[in-house]
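What TrEMBL says about this protein:
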BINDING   A:D93, A:D95, A:D97  Mg(2+) binding site
BINDING   A:C94, A:C112, A:C119  Zn(2+) binding site
Protein chains: 2
Amino acid sequence: MSITFADPKPLSHAELEEGTAFAPRFDASGLVTAVTTEAGSGRVLMVAHMNAEALALTLQTGEVHYWSRSRARIWKKGESSGEIQKLIEMRTDCDQDVVLLTVEQTGRGAACHTGRKSCFYRIVEVQDGTAKLTDSGEPRLFDPKAVYGA
Amino acid sequence: MSITFADPKPLSHAELEEGTAFAPRFDASGLVTAVTTEAGSGRVLMVAHMNAEALALTLQTGEVHYWSRSRARIWKKGESSGEIQKLIEMRTDCDQDVVLLTVEQTGRGAACHTGRKSCFYRIVEVQDGTAKLTDSGEPRLFDPKAVYGA
């Protein structure tokens, strides 16, 4: 089974925003933004990118695949770490350039390569006119050196 | 008061990911991705972009400002619709190219220009090998024609 998507170009504004065709508006690099949330808690775990192949693989297999911009290849989440993401639901936004994933985060429950559940473990706070980061206290669920090597 | 950010270029990988300097990694267009969630529910309301000025204005005023790519200008959320977003918290991710906002969505509670609370009102479902969209039933909280004109 190969999953096909609609081409957004011939769609009207109303068809894009209110219609039933899934017509991802890939950017110049062929990517949409993917925001991944945890089933149950709704917490935002991570933000990454998907090309058409990653979208299709995710829908076909039920396991989340992204496009790694740094490695320029398809990246099945958890392929190294074991932290597979099982797709519960995929949504798209009004202008179809973002997908919102609800996933069950398997393994130790860490979506972030630093070993934390979420990549968003630091809070931005302004101190004397400078924006600084404060650790939110998100615990590490694995040791990245042990999982990925030094 | 003008808020300053750190330059990510001289930072080590460890400083970028574990440090206290807020050093947004703006892309070639000078933008970071902003994911906006609703305080209390944690629901993802919308995804947009911020340049340095939008980030600074948001932190200075406590009201969320984005960079509108389509209009190529600073866009104070709610400036036309009245749906101002009050910033409760800002976080950044491990590699500092995304900010995660927690906001109080004022006005009628609609972050989306279609009048819905969230831009993510359609679910992607595969039917006979084609990905289709199903309306999740998110109600309209305002009539976009009445708010923005026809």
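Cβ from N, Cα, C; glycine included.
Annotated features, which come from TrEMBL, shown on the structure.
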residue	record	DSSP class
A:D93	Mg(2+) binding site	coil
A:C112	Zn(2+) binding site	coil
A:C119	Zn(2+) binding site	coil
In the structure shown, which of the binding-site residues A:D95, A:D97 has the fewest Cβ neighbours within 10 Å?
A:D95
Which of A:C94, A:C112, A:C119 (the binding-site residues) has the most other Cβ atoms within 10 Å?
A:C119
Would you kindly give the Cα-Cα distance separating A:D93 (Mg(2+) binding site) and A:C112 (Zn(2+) binding site), rounded to the nearest Å?
24
Cα separation, A:D97 (Mg(2+) binding site) to A:C119 (Zn(2+) binding site) (Å, whole number):
21
Count of other CB atoms lying within 10 Å of the CB belonging to A:D93 (Mg(2+) binding site)
26
